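J.: What Swiss-Prot records for Glu94 is active site, proton acceptor. Under the heading domain 'Radical SAM core', Swiss-Prot lists 100-327, citing sequence analysis as support. Annotated disulfide bond per Swiss-Prot: Cys107-Cys332, in sequence order. The [4Fe-4S] cluster binding site annotation in Swiss-Prot covers Cys114, Cys118, Cys121 and rests on sequence analysis. As annotated by Swiss-Prot, S-adenosyl-L-methionine binding site applies to Gly159, Glu160, Ser191, Ser213, Leu214, Asn215, Asn289. The active site, S-methylcysteine intermediate feature in Swiss-Prot is assigned to Cys332.
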Amino acid sequence: MMNGKIDIKNLTLDDLIAFLAGKGKERYRARQIFKWLYQKDARSFAEMTDLAKDLRRDLEETAVISDLEPEAMEVSRDGTRKYLFRLEDGNTVESVLIPEEDRTTLCISSQVGCAMACEFCLTGTFRLTRNLTAGEIVNQICAVRRDVPVRNIVFMGMGEPLANLDNVVKALKIILHDDGLQFSTRRVTVSTSGLVPEMERLGREVTVNLAVSLNATTDEVRDRIMPVNRRYPLRLLLDACRSYPLPGRRKITIEYVMIKGLNDSLEDAKRLVKLLSDISSKINLIPFNEHDGCSFKSPDQGAIDVFHSYLLSKHFTVITRSSRGSDISAACGQLKGKLDKNVSGI
């Protein structure tokens, strides 16, 4: 609620149908409003000219259309863009747009801060402040699309998406709906550090791609760098990956942050092959992006090449991700801090 009014951007189409039914309005009105919000980017009810004036007046009295505008934006040497959004309560989140030859990918946030405390991640050094609403999640996409076209959406920004599953699922239903933002399920990926029960629920409620931040091949190492592993160790996590419902020939993305001397050896590569032998997956190797919040180091190029080559020799689909946006602290594991501090003059 905002000033006693409902934020209409927090409503799925079914929610909006129910909201309007309480006003005695027809179901098709909800579809009209949805299209105005997400396909015509309406930011006021007055713009919705195919709605009766009395309905527009009623909506203005009982509802608001929330919005986000970037407070700041930085552009990396490689074209990556980082957007800072200030929320209604003064908190901030960041989104990152990654341009590639044939597409653009928008990395969006789902929480202010993060409670997962992954040792290699700068965002994890900021305590969780709160969950984002569905509207705050969706509005990141709406705002960036006013600047540049967006083809892919990844929930890999600030926060653990599955720790805010109610609002993330609502946002996904808006993102995927034909009357909403109209993204194909193939173009939307949700990343998790490994919240097993929530992985199962996500698979039941929506059809999206799944990325799992694995980063270790033994429980001993994963316990150290990802506290979530103490609750859901590798055995449970990999079982959840095996049972996650993906249509057709799609694969789960396994994200593997390579850290020098910790998880970058040939033996790690061999264990990874065994762990994933019966899971339909593709592997993203992510050389660790060094930052002031952590003493870990990036792996040597030779170690990366050996690791990559071994996975290829075992017929895995594998990509070694280049570091995008590291000069503006927009690379994997670097979100939150620098841009906000620059704006605030700290």
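Even glycines carry a Cβ here, placed using N, Cα and C.
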J.: Rounded to the nearest angstrom, how far is the Cα of Cys121 ([4Fe-4S] cluster binding site) from the Cα of Gly159 (S-adenosyl-L-methionine binding site)?
T.: 11
J.: Can you give me the Cα-Cα distance between Leu214 (S-adenosyl-L-methionine binding site) and the residue listed as 'active site, proton acceptor' in Å, rounded to a whole number?
T.: 23
J.: By a simple count, how many Cβ atoms lie within 10 Å of the Cβ of Cys121 ([4Fe-4S] cluster binding site), its own Cβ left out?
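T.: That number is 27.
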J.: What mean pLDDT score does the domain 'Radical SAM core' (100-327) have in the model?
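T.: Averaging the confidence scores along the domain 'Radical SAM core' (100-327) gives 95.
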J.: Quick one, of the recorded positions Cys107, Cys114, Cys118, Leu214, which Cβ has the fewest other Cβ within 10 Å?
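T.: Counting other Cβ atoms within 10 Å of each of the recorded positions Cys107, Cys114, Cys118, Leu214, the minimum falls on Cys118.
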J.: Please report how many Å separate the Cα atom of Glu94 (active site, proton acceptor) from that of Cys107 (disulfide bond), as a whole number.
T.: 9
J.: Expressed to the nearest Å, what is the distance separating Glu160 (S-adenosyl-L-methionine binding site) and Cys121 ([4Fe-4S] cluster binding site) at their Cα atoms?
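T.: That comes out at 12 Å between the alpha carbons.
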J.: Please report the three-state DSSP label of Gly159 (S-adenosyl-L-methionine binding site).
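T.: DSSP assigns Gly159 (S-adenosyl-L-methionine binding site) to coil.
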J.: With H, G and I counted as helix, E and B as strand and the rest as coil, say where DSSP puts Ser213 (S-adenosyl-L-methionine binding site).
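T.: Looking at the DSSP assignment, Ser213 (S-adenosyl-L-methionine binding site) belongs to a strand.
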